[in-house]
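The annotation transmembrane segment is assigned in TrEMBL to C:25-43, C:55-77, C:135-156, C:163-182, C:211-231, C:252-279, C:299-323, C:335-359.
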Amino acid sequence: MFGEYSLADLSSIFVMQGFAGLILFSVYVLMALGLAIIFGQMGVINMAHGEFMILGAYVTYLCSGFFQTHLPSLFGAYFFIAMALAFLASGALGMLVEWALIRHLYKRPLDTLLATWGLSLILQQAYRSIFGPREVGVELPSWMMGSIPVTDSIEVQINGLFVIAVTTVITLGVALLIYRSRFGAQIRAVMSNRPMAGAVGIDTEKVDRYTFGLGCGIAGIAGSAFTMIGSTGPTSGQLYIVDTFLIVVFGGAASLLGTIASAFSISQTQSTLEFFLSGSMAKVLTLLAVVGILMLRPQGLFTLKVRR
Amino acid sequence: MNAALLPSTLIGTPADDKNFLLAVEGLTVSFDGFKAVNDVSFYVDPDEIRVIIGPNGAGKTTVLDLICGRTKASSGSIKYKGQELTRLSESAIVQAGVGRKFQTPSIYDDLTVFENLEISFPRGRSVFGALTFKRDAEVRDRIHEIAQTIFLKDQLDERAEFLSHGQKQWLEIGMLLIQDPELLMLDEPVAGMSVGERIKTAELLNQIIKGRSVLVIEHDMKFVEDIAHRVTVLHQGRVLSEGSMERVKTDPKVVEVYLGH
Amino acid sequence: MTSPIQSLSKAVTVNDNPFMKPMEWVSLALLAGVVLVVLPLALDGFRLNLVGKYLTYAFVALGLVICWGYAGILSLGQGVFFGLGGYCMAMYLKLEASSVENTKIQSTPGIPDFMDWNQITAIPWFWQPFKSLPLTLLLVVAVPVAFAFLISVAMFKRRVGGTYFAIITQAIAAILTILIVGQQGYTGGINGITDLRTLHGWDIRTDSAKVILYFVNGGLLIGCILMAQYVKRSKLGRILVAMREKEDRVRFSGYSVAGFKVFAFCLAAAFAAVGGAMFTLQVGFMSPSFVGIVPSIEMVIYAAVGGRLSLFGAVWGTLLVNYAKTSFSESFPDLWLFGLGALFIAVVLAFPNGLAGLWREHVEPRLFRKAKGLTPTPTPVLPAHGAPAE
């Protein structure tokens, strides 16, 4: 399978595919981060997570259009505003959903799964009704276009680098929030011992709502970053939901570091395989490997906390 | 695996086990480095009633969990009639003749009292056996007999959910009884009961412990004195003292850590 | 000592465990009457075939009642077993339709058309068994059940939790779909296996064949209901309920929990496989769009709407949801997804026992009151809307 390539070609291939894998990894990490908070910390299976991400993507799309027509002078910077708005929009919707739906189902994880699936269908249809069934793309500001040549045969895209940078910043921010802030301490307290946290004066319902909102908001940012590398359609979110759940489960539902490591290994495997096999077989082999490993050693790789 | 296949003729005869029904030796389990049970050894004779006492966190419930296979031991051995239990699954341990009652009543709320007892009836435990299980006269008679013993003969068709706390405890004892275990393990059987229920339970226990060995965890000292043949005191995962209630009560070590407060 | 006990057990007869309670006989008669008599008389051939298609999903819903409702194992991958059963059947039919005369314009005659388009020149090994009808009928059930067995043994022996199992089954559904779509030459790809003609020489495309297949399907469904009923009222059925509530306790009553879960999951897979094969026969094709995540989770809603604990409810739920789907998609396609989404949420939040629960709460008490001759319920008055306008 490597026969027809020279050694130099091969190393370029690996570097280029590695970079492509890094972009995929960034989107995975951003999506999985939100899910790791919701699923890992709260034990809630949110099947509508992809739709929260797509909401962020649509918000970015709207911003792109708005800045282009009304504030063309600031167009270069619109993306940062779009990310903030995407976070707020998805986060607010998340808190609303927690209040209306999720909080009634904390003791029934399987039912949460069905209810959030229903929510995802409704959101998909809403997107279709509002934005039309066709996929939309955002206009990139000029500074994000093009690529930087590293060597003769290797070059990297600027938008890819940007997505990677955004992911790094968000991941560090979330890690600080969960492990260093007062709110993070409250989240961890509530998740490890709910009655006790309540007894020491933490408003557990509020923490639940904000935690869920935070996870959804991060998904919104993921959607924003997603527009940099792909177009957005009503059902784009659904394509990622299985991968994202596998990443979170594979990485150990309760740990952020595990989520990152697992997103990295899965995205790198997939993008490297993609060069040699058809895209679908690369995906099949990657997912099969993950499922296979999970079947053989579920308890070795993760600990699942599901509220009963 | 091999232990499970020991020929039955060997059981009870090995010289090194001296006919103990249960021989626990060097039992240790650690959770993330914390040794909840540390080098515990004790021996239970056939027909003996052994009570385990000790302050909270002494590892009492963990010892029962280890014997019935709910928790896997880090090291040490548990021999029941010469058969090593540490390598068996929970269901195999039950089938070998060890019954366990949990601290909080553990019954099936959605089923009737009759069905709760029926599930515990020791027949048709394989998938195929359960499919072809027949509710014949033997099953019915046995269930009615047990129901009478546990004061629930008028509640047979009631859903277990609607029983009182004490009745739930009795039902669980009944579920054990119908298994007819040779070693019965009870975790705080009278906790949370009203005085009336407590007296009835003591009467019930006295009736059912005949002809089997019993391992009981209990805090109620009056109750312990009434039933115990011998007492083992656990403290911080280790055996602190062992012997008759009289002896244990006067053991200065025990007085210091346990009865002293 | 023994005499009072014997008399006791004679006195108590309520514990008897009949195969079906009177109300269940009524439900069965009602279902059989509607499916086997009323619908065939009332509907034209096209509509009857449509109902037949819906009823193939009812097999899946029936399996989910045992697996999810009773045993508490939510599988989001039932489409996998429905699809495998359907594909096994389709492979046989496709080979029969690809005789040398039928395919003489191909560059390699005698192989399925999509293989020819993909430059495959011989029938691959895993297609070989499907040249024989008896072997095919066996494999229709055996392949999905063997696959279900492998998955469930691997998972349940390791005591993985319910949500985790749901995610893995969903991943498997996704993987299988991608695989089928990607391996066009061996599977027919996204279009599936189409252009099926005869079953052992019998043309399944004629109107009379479709009616016969409808009755075969209905008969098999009733058969599966009776099988499920047998399981449900056996001690195994009660163990499943007990396990759903307190898995640990069941273990300490001397049962190996994993074995029972594997059984429930495999039984559900077998039902789904029969449904899939009947789908292929009645609809005339099988494609990956019945295998993936979306159809799999939609099949869960059929069981949920009918009532996750009711065998008969599962069938009614399937018929109702699909009827709604067809009529909505014909007139208001945009509204259907909103409706389906709302249905998922409503059935979880407001009606966890589905139609069966509503029936038990509202209809059954009235029926019994009527039967006892007390206060006969007034005949429901139909709303008069529409009448004057016409």
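Backbone N, Cα and C define each Cβ position, glycine as well.
Those TrEMBL annotations? Automatic predictions, nothing curated.
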Winner by Cβ pairs under 8 Å against the transmembrane segment (C:299-323), considering only C:25-43, C:55-77, C:135-156: C:55-77
Positions whose Cβ lies under 8 angstroms from the transmembrane segment (C:211-231), at least six residues beyond its ends: 19-20, 24, 28, 31-32, 35-36, 40, 45, 48-49, 51-52, 55-56, 58-59, 62, 65-66, 204, 237, 267, 271, 274, 278, 281-282, 311-312, 315
Whether the transmembrane segment (C:252-279) meets the transmembrane segment (C:25-43): three or more C-beta pairs under 8 angstroms: no
Listed stretch, out of C:25-43, C:55-77, C:163-182, that has the most CB pairs under 8 angstroms to the transmembrane segment (C:135-156): C:163-182
Long-range Cβ neighbours of the transmembrane segment (C:55-77) (under 8 Å; 6 or more residues past either end): 35, 162, 165-167, 169-170, 172-173, 217-218, 220-221, 224-225, 228, 231-232, 237, 240-241, 243-244, 260-261, 264-265, 267-272, 274-276, 278-279, 282, 293, 296-297, 299-300, 302-303, 306-311, 313-315, 317-319, 322
